[in-house]
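So the structure is just underneath, and the comments pick up after that.
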Amino acid sequence: MSATLLTMAFLPAEYPRVWTLTAPAPFADETSCQCQAPHEKLTIAQARLGTPVDRPVRVYADGIFDLFHSGHARALMQAKTLFPNSYLLVGVCSDDLTHKFKGFTVMNEAERYEALRHCRYVDEVIRDAPWTLTPEFLEKHKIDFVAHDDIPYSSAGSDDVYKHIKEAGMFVPTQRTEGISTSDIITRIVRDYDVYARRNLQRGYTAKELNVSFINEKKYRFQNQVDKMKEKVKNVEEKSKEFVNRVEEKSHDLIQKWEEKSREFIGNFLELFGPDGAWKQMFQERSSRMLQALSPKQSPVSSPTRSRSPSRSPSPTFPWLPNKSSPPSSPKAASASISSMSEGDEDEK
């Protein structure tokens with residue numbers, strides 16, 4: 001036994017055991033260290049107080065432990081925590097003994113031994129444990145108490161194989177975990193046999209390994225092909241839905257962007273060509289420039305005349321005289337001009 005396990009086995013009760021398991025629990029027949037402490041008979045009351053102080057209380061739990069599950073682990077946890085300072089030994093029955101008294105197992109004995117060794121509550125594993133506990137076995141392993149559920153276990157021609165342990169005051173009951181057991185797990189496998197057989201055929205197991213007939217093998221393989229086709233159709237449908245969703249999202253985004261761009265375009269158009277737009281102002285400015293270019297303003301009357309040479313005096317102008325360069329075109333026009341001149345004279349008088 002390693003130094004860590006020795007410390008675990010013989011640590012006084014007043015010191016709490018705090019450690020981390022870093023190796024599997026040892027087998028009882030492979031360890032060179034046996035419990036050398038005086039093995040005095042204890043009562044349950046004494047054990048619950050944490051006595052004796054020189055060694056832990058040695059608790060024994062046995063079973064088949066086929067298809068090791070949480071129900072097994074919880075039972076061992078209860079056995080481990082029955083007393084403040086305890087050392088849990090677990091006995092596992094061999095295949096020959098189990099097949100003789102109980103029936104065929106799913107896991108062989110080597111697999112069941114290894115499953116127990118890697119349970120955190122187990123301190124030591126006893127291989128090929130007896131079906132019925134004898135005084136010699138209890139003395140050999142210095143067992144103080146036996147932990148098991150309190151339901152009478154009838155086997156090997158006895159109504160309760162733990163009856164003599166109970167009468168000796170060495171029995172400590174544990175509680176079963178409802179809803180989980182080896183029989184329940186086997187029942188699930190049998191109930192869903194076709195599903196597991198098809199799955200294992202698909203994974204590469206042969207029909208001979210699965211003990212499946214030729215007809216059932218073909219049926220299972222056909223069903224596997226049908227399932228594959230269903231899965232492909234399902235994948236295509238999912239991908240199609242994803243594609244449609246993406247198209248809808250993109251079309252929605254496109255429409256939204258188009259609406260934003262159209263609003264921006266309309267706003268820019270109105271800003272440019274609206275009633276108060278820049279185009280109208282620019283058009284008015286250009287129109288006014290063109291009008292100014294086509295019809296320039298007349299020079300003012302009071303504007304100074306151009307300077308002339310002093311040798312030539314300007315000729316006087318007489319507005320009432322007719323323009324020589326433009327004679328009247330008709331007698332009527334001439335008479336009209338004369339009458340207007342006479343009226344002007346009268347006004348001046």
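In case you wondered, yes, glycine gets a Cβ from its N, Cα and C as well.
According to TrEMBL, the coiled coil annotation covers 219-246. Under 8 Å from some Cβ of the coiled coil (219-246) lie the Cβ atoms of residues 194, 197-198, 201-202, 212, all in the same chain and six or more residues away from its ends.
Annotation comment: TrEMBL describes 299-315 (among others) as compositional bias 'Low complexity'.
Look at TrEMBL and you will find 331-342 (among others) tagged as compositional bias 'Low complexity'.
Among the features that TrEMBL reports, domain 'Cytidyltransferase-like' is placed at 60-188.
The feature region 'Disordered' is assigned by TrEMBL to 289-349.
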Helix, strand and coil counts within the domain 'Cytidyltransferase-like' (60-188) (DSSP): 45 helix, 26 strand, 58 coil
Overall pLDDT for the coiled coil (219-246), taken as the rounded mean: 84
